[in-house]
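**Student:** Sharing the record's features from TrEMBL:
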- 3-121: domain 'Response regulatory' (DOMAIN)
- 148-376: domain 'Sigma-54 factor interaction' (DOMAIN)
- 54: 4-aspartylphosphate (MOD_RES)
Ligand SMILES: Nc1ncnc2c1ncn2[C@@H]1O[C@H](COP(=O)(O)OP(=O)(O)OP(=O)(O)O)[C@@H](O)[C@H]1O
């Protein structure tokens, strides 16, 4: 049974709502104004489970009451359902910004009230929840140091490999699907190595147009090409003394691969437009989500370069192969959101089941984004499976590759539907970064722009 406060000056509506709530088995108190509600909240012995609050009230209006409530100790976390005769985007957004649990337009049916109360009780209950306020990495993740967090046997093995590699100077090749933590692993490696006080520079070979990559890596002198108005050092020079991560090395064009091979062998660079050779002292780390061996066989990647890069290979396993890491990581990301928003956030048991059962094609990045999204939008302290409902609409690895819907379409329609779905999915995974989305789709940015325009995707 919940203890509910109903605040409305409209006698007819208030009495009807109270009757329904009592009929559903709850105890109810009533207030006719915001001022009276705030007083009752202060003086009540039995704390309220939630409050139904009308927007239009004599004296303080609903939003002002909600605002005042959030500044009191007793009202800070109280779930509040705002009621309005006419929902507008302004009052909806205003209420949700102040942390209202939900926003309903009158009249409100009995079933809607029942469903809403079930959600409120689920989001505030503690019995079925992982109620501990500390998460597995609370001590480990303090401070700004990069951390490759995980408790699974597989990730522990990766942590050991990174530790061993850090004590050497050998080139490391990090492989793994997108979002598995390759860049984090490179940073951790740098941090644990003797070069930690020196620069760590990461360059994404897929995000830089082929014609600019050489200058980006090796630098250029003034006048080397149109637009080169001043000398500019490249990533190799900037990383001197430290570590250089060549991310998405599998996307490096073949002519550039030949130049990189020479630099790795000679440990010196020649900036574009200059004859001067500059020695560089860097620890090289390369990363890719592609299978370089297959690319070598297809003639798309130089075998001699792979041989040079693959001195210490470290594979980051996909999240679905290390289920033990899902909840500890989710709780870690949730604790970060909770801290940033100064509120308490927990995962309900059904939400935990949903997270563990999902296939995570975007791996830890997707998990982080999902938890951040749910944490930012959940109306209560408890993240429910419903708050993570957006994951259910996504393709699961267990689903058939081609849905029956597609099979019933004409070929042009099916191709367009598939293109649209793949592009939208890639944009979501890439947080709308188009260069990143193009890379995930395995197409050039120009092709992606053309498709976005043709499909009229905003
Ligand atoms: N083990 C981990 N512990 C903590 N955070 C992690 C871990 N793995 C990944 N992350 C987080 O997930 C996100 C993606 O990680 P990262 O950029 O290292 O992946 P990646 O494998 O390099 O992806 P891509 O191939 O798409 O570049 C980052 O926000 C990172 O902080």
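Cβ coordinates come from backbone N, Cα and C, glycine included.
Remember, TrEMBL labels are computer predictions, not curated facts.
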**Student:** For the domain 'Sigma-54 factor interaction' (148-376), provide the mean pLDDT of the predicted model.
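**Tutor:** A mean pLDDT of 92 is what the model gives the domain 'Sigma-54 factor interaction' (148-376).
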**Student:** Write out how many residues of the domain 'Response regulatory' (3-121) are helix, how many strand and how many coil, based on DSSP.
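**Tutor:** Output for the domain 'Response regulatory' (3-121) reads 53 helix, 24 strand, 42 coil.
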**Student:** With every protein chain in view, what's the tally of Cβ atoms within 10 Å of the Cβ of the residue listed as '4-aspartylphosphate', excluding that atom itself?
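**Tutor:** Result for the residue listed as '4-aspartylphosphate': 26 other Cβ atoms within 10 Å.
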